[in-house]
Amino acid sequence: MNLLSTLSLLAEAGSLFFTPSNSVFAPEVDNLFDLIYWISAFFFVLIVAVMVYFVVMYRRRPGHSVQPSPSHNNVLEITWSVLPSFLLVLIFVMGFTGYMNIRTPPDDAYEIHVYAKKWSWLFQYPNGAESSDLHIPVGRPVRFILESEDVIHNMFVPAFRTKMDCVPGRYNEIWVLADHSTGTGIKDEDHEPTWLFCAEYCGRDHSNMKAKVFVHETGDFDAWVAKAANLYEGRTMAEVGELLYKRKGCISCHSIDGTRKSGPSFKGGFGTAHKMADGSEVVMDENYIRESIRDPRAKVVAGYEPVMPVFPSSRLSDKDITAISEFIKSLK
Amino acid sequence: MSVGATPDRFQAADVDGAHHREDNYLLASSGLGSWLVTLDHKRIGVMYLIGIMASFFLGGIFALVLRAELFTGQKLFLSEDAYNQMFTLHGAVMTFLFIIPSIPAALGNFMLPIMLGQKDVAFPRMNLASFYLWIIGAVFFLCAIVFGGLDTGWTFYTPYSITTSTRVILALLGVFVLGFSSIFTGLNFVVTINTMRPHGMSWFKMPLFLWALYATSIIQLLATPVLGITGLLLIAERALRIGIFDPELGGDPVLFQHFFWFYSHPAVYIMILPAMGIVSELVAVFSRKHIFGYRFIAYSSIAIALLGFLVWGHHMFVSGQSQLAAVVFSGLTFSVSIPSAIKVFNWLSTMYKGSISLATPMCYALSFIFLFTIGGLTGLFLGALSTDIQLHDTYFVVAHFHYVMMGGTLVAFVGGLYYWWPKMFGVMYNENAGRLFCLIVFLGFNLTFFPQFIMGSRGMPRRYARYVEEFQIYHQLSTMGAFLLGIGMVGAIAVLIYSLYRGKKAPANPWGAATLEWMCSSPPSLHNFEEPPAVGDPYNYDNLRYDEREGGYVVVPGAAKKTSSH
Ligand code: HEM
Ligand SMILES: [Cu+2]
C-alpha cells in the first residue's frame, strides 16, 4: 500500500487515529479519545509556542541581557497545579463511566465460549457449534467467556474497542453489541470481516494468532450457527472424523504418522492385532474403537499408561464415533 | 594512598598547595589496573559511562534489527522465534543495563560529590562494589543471550516464563544482581546527601539535580528489593515448581504481574526523575535565570517518587483485576501527572526574560521538553480506563513509553553528558556538530515514534513479528525514522569522542553555572577541591562574568559570597 492511497483512505475514513468501529460503546470511547486529544493538543501547542517564543525573544545576543523577574510566585504556581486537576478529574470520570459500559454485559446476552491456546482461537456456540473465526449476530448483545489452555492470551477486537486477557485457571468475560453487519449471507466470501488479534505476548506464533470477525444479519446468523453445528453436511464421514480428532483433543495423545505419544499412533492400526497389558490380543475394529472411547480402561494396550479420559455421549455421539472410525480406517 | 579513605577531606595535594595540571584525576595514576581498583567516584563514573554506552549500542543494534524486520510485515530475515528473542533482549538490555543506571550511576556518580563540594561519596568501596555488581549482572545477561537466549519479554510474565525453554533463570539472576547494584548506588547517595552537605548548603540550597537523585535513590531503596524477591520466586517456581505463579499448580499468574509492576512502575520514575533534574540545571544555566519555583520543583520530585508507588495497577486494567481496583488505580495514576506538569511550567517560566543560549546541552533540554510533553500527555489516554482498554498492549503504548524513556530520559542524559563533558574530560567539543546531531536525533525520533501512536490507536498490537497490510505504511515510516535516529545518536557520541583528541582545553566554568562542580578545575583534580568551595545559591548567576582570557566564566572579585535575595 503506498502513501497516497493510504492518505486518501484516511480522508475517507475520517480520522487518523481510529479504525472503523462496530460496537455500541465505541462512540463513547472515541469521544473520550477525541476530548483528551484536543486537551493534549491545546496544552502541547501552548507549551511549545511559549517555549519557541521565549527562545526567539530572549535569545542570547549582543546587547541583550537578562531582565529581572521573580523566581517564584505562589499564587501562579498553585493556580497552574490546581486548574489542570479539574480537567484530569473530568477525563477520569468519563473514562470510568465508559469502562463500566464496556465491562457490564446485559443479563440476556448470547453466550460464546472462547478458548485461547498457542496459537489459535476456538469459539464455541450454545448449540455446540465451533469455529476458529468469530461469528456473531448484529444488534444482539453477546457475552464472551474467556479461557486459556496454556499461557496468558488476550482477545482484542479493535473494531469493538475492547480487549481482555484469557488467563489460565480463571474465567474472564467481555461483551459486545455490534451495530452493523459485515455482509449478508452465510458464506465467508460475502463478508468484509474485521480482525481479532491476540494482544498478550504468548510465544512463537503470537503475531499469527489472529482470527476474523464476521457480524451476520440476524437471520443469517441463525442459519450459520445451525449449519456450523451440523458437521456432517457437505463432508464425508472420514473428513468429519478428522475434524473431531483435532477438535476433541485426540490429537494431543495419538499421532497419525506413527510417532509415539502418550497413546498409540492411529497410523495403520485399523484391522491389525494389538497386544494388551493383560497379555491378550485384540484386533482393532469399530467395536474396539467404540469401547476405547466410552470405557478406555477396559482394554489397555501394552506399554501405555491408562490415562485416556472417558468420552460420554454428550461429548461424542455414536455417529461421531463412526466418523472417527472411518477416519482411522483411512489412515493406511 | 587510597582515594576517599582519608577522613580529612581537604588535605592539600602538594606540600605548598601548588596545583599542577597533572593532578587531574585522569592522569593521577595510570594503567588499566589503577582504574579497575580505583575508589575515585569520578573514575567509577567514567567506567559506568563506558559500560552503559556499550549496553546502549547493543540494545540499539537489536532495535534497528527489529525495525528492519518490520519493514514489510512478511518474513525478511528473522524467524518468529528470533524476532521474539530480539525484542526481549532489546527491552531487557535497554531497561536493566542502560536506562535505569544511566544517569544516577554514570553522571550522578561523577557529579554528586563535586556538587556537594566533597571529595567522594560516603562509601567509596561500596560504590566500586556497585560497579562490579553491574558488570556481573551484565555478564549474566550476556550468558543468557549466548546460551539459548530469552523470549519472555522484559516483563517475564508467567506462566509463559515458566514454560519457555530459553534462559529465564540466567537472566533473572542477572536482574537480581543488577538490583543490588542499584540498591548500593541508591544507599550511597542517600547517605552522602544526608550527611555530607557542606556548611551553608541547607536542603533548600541544594541543586535540583541532587534533589532528583535523592528522590530516585529512595525509590531504588524501597522498590528494588521487591523485584529481587519476585525474581527469586520465579526462579524457585521454574526450578522447584512451588506453585505461586503457575496455574497448573494452583498458583496465580496475575499475582506475578502485581509483584512485577510494584517494582517496575516506580522504576519508570527511577528513569525519569534524574532526567528532570538535569533539565532543571540546564534550563537555568543556559537562560542565566534563577530557576523558577525551586521549592515546587523539589517537592514535586518527592511527590512523584511517593505517588509512583501507588499506580502499578494501571498496567493491568485488562488482566481481569477487579473493577474497583481498576478505578482506584486509574484515579491515582492521574495524580502523578500534576507534579510532572508543574515541572514543565516551571522550566518555561525560568526561560522568561532570560538570556537564552542555544548551546548543545540547551538544545537537548528544549528537545526534552517537547518530547516529554508528548510522552506525558499521551499518558492521559492510558490512564483513562475506557481508552486504555483499546490502547493497552498496542503500539500506542510503545510510542508513549519511548517518548518518555527515550525522548525524555535518554535525551536528558545526552544533554547532561554534553553539559558536563568539559568538566569530566577537560575538553570542549564542536558546538555546531553537536547541535546538528541533536537536530537529527530529534527529527529521527519523531519520525520513528509518532506513527506508532497512529497505528496503535488503529489496533496494531505490540510484540508482533508479522502484521496485516493496513499497518505497513506506519511501520515503514517508523523504520526509516529509526535509521535516521541511529545516525543521529552515533554522530552525537562521535562528536564527543572526537573532542577527546582534538578538542580545545576547557575552562573551569564554560557555561557560567553556579553549582559547585564548576568551581574546581576541568577536569577535576584527584580530590576535586583544594579547599572547601564557598556555598552560595546554586542558581544565582549575578556574580559571574565572562573572561576572555580564561575562555570561560569567573567569579566577580569580592562577590563570591553573595547569594541572591528572593
Ligand atoms: C513520567 C514518566 C513515565 C514513564 C517513564 C513511563 C513509562 C511507561 C512504560 C515503560 C510503560 C509500558 C510498560 C509495558 O507495558 O511494557 C508505560 C505504560 C503506561 N503508562 Fe507510563 N510512563 C510515564 C508517565 C506516565 C504518565 C504521566 C501516565 C498517566 C497520566 C502514564 C500512564 C501509563 C499507563 C496507564 C500505562 C499502561 C498502559 C498500558 O499498558 O495499556 N505514564 N509507561
Ligand atoms: Cu499472543
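The backbone N, Cα and C atoms fix where each Cβ goes, and this holds for glycine too.
For B:35-536, the entry in TrEMBL reads domain 'Cytochrome oxidase subunit I profile'.
Same-chain residues lying 6 or more positions outside the transmembrane segment (B:45-66) and placing a CB less than 8 Å from one of its CB atoms are 35, 78, 83, 86-87, 89-90, 93-94, 97-98, 101-102, 105-111, 131, 134-135, 138, 417, 424, 482-483, 486, 489, 493. Per TrEMBL, transmembrane segment is recorded for B:45-66 (among others).
As annotated by TrEMBL, transmembrane segment applies to B:87-111 (among others).
When Cβ-Cβ distances below 8 Å are used as the criterion, the transmembrane segment (B:131-157) is approached by residues 44, 47-48, 51, 55, 81, 84-85, 87-89, 91-93, 95-97, 101, 105, 164-168, 170-178, 180-181, 184, 231, 234, 253, 256-257, 260, 264, 463 of the same chain, each at least six residues removed from its ends. Residues or ranges marked as transmembrane segment in TrEMBL: B:131-157 (among others).
Here the transmembrane segment (B:169-191) has long-range neighbours at 92, 96-97, 100-101, 104-105, 108-109, 112, 121-123, 126-127, 129-131, 133-134, 136-141, 143-144, 147, 150, 156, 213-214, 216-221, 224-225, 227-228, 231-232, 234-235, 238-239, 270, meaning same-chain residues at least 6 beyond its ends whose C-beta is under 8 angstroms from one of its own. Positions annotated as transmembrane segment by TrEMBL: B:169-191 (among others).
With a cut-off of 8 Å between Cβ atoms, the residues of this chain six or more beyond the transmembrane segment (B:211-235) that come close are 104, 108, 112, 156, 158, 161-162, 168-169, 172-173, 175-176, 179-180, 182-183, 185-187, 189-190, 193, 244-245, 256, 259-260, 262-264, 266-267, 269-270, 273-274, 276-278, 280, 297-298, 301-302, 304-305, 308-309. The transmembrane segment annotation in TrEMBL covers B:211-235 (among others).
Using a Cβ-Cβ cut-off under 8 Å and counting only residues 6 or more beyond its ends in the same chain, the transmembrane segment (B:267-286) has close neighbours at 95, 99-100, 102-104, 107-108, 182, 207-213, 215-216, 219-220, 223, 227, 297, 301, 304-305, 308, 343, 346-347, 350-351, 356-359, 361-362, 364-365, 368-369, 401, 404-405, 408-409, 411-413, 415-416, 419, 511-515, 539, 541. Annotation source TrEMBL lists transmembrane segment at B:267-286 (among others).
TrEMBL lists B:292-312 (among others) with the feature transmembrane segment.
According to TrEMBL, the feature transmembrane segment maps to B:324-345 (among others).
The transmembrane segment annotation in TrEMBL covers B:365-385 (among others).
Annotation source TrEMBL lists transmembrane segment at B:397-421 (among others). Sequence-remote contacts of a segment are chain residues at least 6 beyond its ends whose Cβ falls under 8 Å from one of its Cβ atoms, and for the transmembrane segment (B:397-421) they are 49, 94, 99, 102-103, 107, 110-111, 268, 271-272, 274-276, 278-279, 281-282, 285, 360-365, 367-368, 370-372, 374-376, 378-379, 381-382, 391, 427, 429, 434, 438, 441, 445, 448-450, 452-453, 456, 462, 492, 496, 499, 511, 517.
TrEMBL lists B:433-456 (among others) with the feature transmembrane segment. Long-range neighbours of the transmembrane segment (B:433-456) within the same chain, counting only residues 6 or more positions beyond its ends whose Cβ lies under 8 Å from a Cβ of the stretch, are 67, 358, 360, 363-364, 367, 370-371, 378, 391, 394-400, 402-403, 406-407, 411, 414, 418, 462, 471, 473-475, 477-478, 480-489, 491-492, 495.
Remote same-chain residues near the transmembrane segment (B:477-501) are listed as 53, 60, 63-64, 67-68, 70-71, 414, 417-418, 421, 425, 427-430, 433-434, 436-449, 451-452 (criterion: CB distance under 8 Å, separation of at least six residues from the stretch ends). According to TrEMBL, the feature transmembrane segment maps to B:477-501 (among others).
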- Message: For the domain 'Cytochrome oxidase subunit I profile' (B:35-536), what's the mean pLDDT in this predicted model?
- Response: 94
- Item | Tertiary contacts of the transmembrane segment (B:87-111) (same chain, 6+ residues out, Cβ under 8 Å) | 41-42, 44-46, 48-49, 52, 55-56, 58-59, 62-63, 66, 121, 127, 130-131, 134, 137-138, 141, 145, 149-154, 171, 174-175, 178, 181-182, 185-186, 189, 209, 213, 216-217, 220, 267, 270-271, 274-275, 277-278, 405, 409-410, 412-413, 416-417, 420, 424, 463, 517
